[in-house]
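**Q** What follows is a structure written as structure tokens; I'll ask about it next.
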Amino acid sequence: MDEEVENKVILHGSFASPYSKRIELALRLKSIPYQFVQEDLQNKSQTLLRYNPVHKKIPVLVHNGKPISESLFIIEYIDETWSNGPHILPEDPYRRSKVRFWANYIQLHLYDLVIKVVKSEGEEQKKALTEVKEKLSVIEKEGLKEIFSDTDGEPTVTNETMSLVDIVMCTLLSPYKAHEEVLGLKIIDPEIVPGVYGWINAINETSVVKDLSPPYEQILEILRAFRQMSLSPVLETYQS
């Protein structure tokens with residue numbers, strides 16, 4: 001505990017976890033130094049279990065010895081605790097509500113579907129992919145104009161303007177090209193959802209995302225390994 005208090009900001013997570021990447025993005029956007037503790041999700045540490053005794057999942061952020069769990073709550077905590085750097089949640093209450101709404105929409109209605117596409121095959125995979133495209137179309141038609149109301153729905157993302165919803169979308173579909181290569185499927189069609197396509201590519205062009213992203217070949221290896229394990233016996237969930 002003394003070491004963690006001294007280090008002030010410690011993130012317990014996993015290199016391959018999109019949920020951990022959310023927190024790393026938020027910390028880097030705010031230029032907050034932090035220590036990363038790699039957790040073995042098959043053999044969770046007693047420290048992790050002590051810090052998150054309810055869900056027993058990553059990520060957990062420890063600030064001044066006090067743990068915060070659940071990635072979306074952690075990001076809000078970071079934004080409210082450190083006033084330096086860009087605002088991850090808009091100051092305007094109405095815009096903040098819209099960013100929260102669409103971040104929650106992606107979390108609730110898209111995350112599990114994308115994971116199902118990676119983990120399944122045959123008719124189950126086909127059905128999940130159809131649903132993914134339907135949700136992306138909703139974001140294209142209804143979400144972008146609210147997320148990017150300042151630019152008339154035109155996706156523009158920089159290190160200075162990246163918000164909660166950008167972070168959530170980034171950690172889901174930033175590596176969409178690797179998903180498509182591993183699966184042999186088209187997930188994001190620029191002709192059908194040009195706005196979403198432009199949004200994700202704008203996110204990928206930011207320096208904070210480039211600096212945090214592993215090499216493309218490594219992403220392919222991670223996805224292939226995850227898919228292979230997923231087509232074996234059912235995996236337990238360790239992330240939130």
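Glycine is no exception: its Cβ is also placed from the backbone N, Cα and C atoms.
Residues or ranges marked as domain 'GST N-terminal' by Swiss-Prot: 7-86. Feature annotation from Swiss-Prot assigns glutathione binding site to S17, P18, N43, K44, K57, I58, E70, S71. Swiss-Prot lists 92-226 with the feature domain 'GST C-terminal'. Per Swiss-Prot, the feature phosphothreonine maps to T161; the stated evidence is similarity to another entry.
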**Q** Can you give me the average pLDDT across the domain 'GST N-terminal' (7-86), rounded to a whole number?
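**A** The answer is 95, the mean pLDDT of the model over that range.
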**Q** Check the recorded positions S17, N43, S71, T161 for other C-beta atoms within 10 angstroms of each C-beta and report the one with the most.
**A** S71
**Q** Please report the DSSP secondary structure of I58 (glutathione binding site), reduced to three states.
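**A** Where I58 (glutathione binding site) sits, the three-state DSSP reduction gives strand.
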**Q** Which residue counts does DSSP yield for the domain 'GST C-terminal' (92-226) in the helix, strand and coil classes, in that order?
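**A** When I sort the residues of the domain 'GST C-terminal' (92-226) into the three classes, I find 101 helix, 0 strand, 34 coil.
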**Q** Taking just the CA atoms, what is the gap between K57 (glutathione binding site) and the residue listed as 'phosphothreonine' in Å?
**A** 29
**Q** Would you count the other CB atoms within 10 A of the CB of E70 (glutathione binding site), including those on all shown protein chains?
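**A** Around the Cβ of E70 (glutathione binding site), 18 other Cβ atoms lie within 10 Å.
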**Q** Around the Cβ of K44 (glutathione binding site), how many other Cβ atoms lie within 10 Å? Please give the count over every shown protein chain.
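**A** For K44 (glutathione binding site), the 10 Å Cβ neighbour count is 16.
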**Q** Of all the Cα pairs drawn from S17, P18, N43, K44, K57, I58, E70, S71, the residues the record ties to glutathione, which distance is largest, in Å?
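**A** Among the residues the record ties to glutathione, max Cα distance equals 21 Å.
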**Q** DSSP on the domain 'GST N-terminal' (7-86): how many residues come out helix, how many strand, how many coil?
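**A** Helix, strand, coil within the domain 'GST N-terminal' (7-86): 30 helix, 18 strand, 32 coil.
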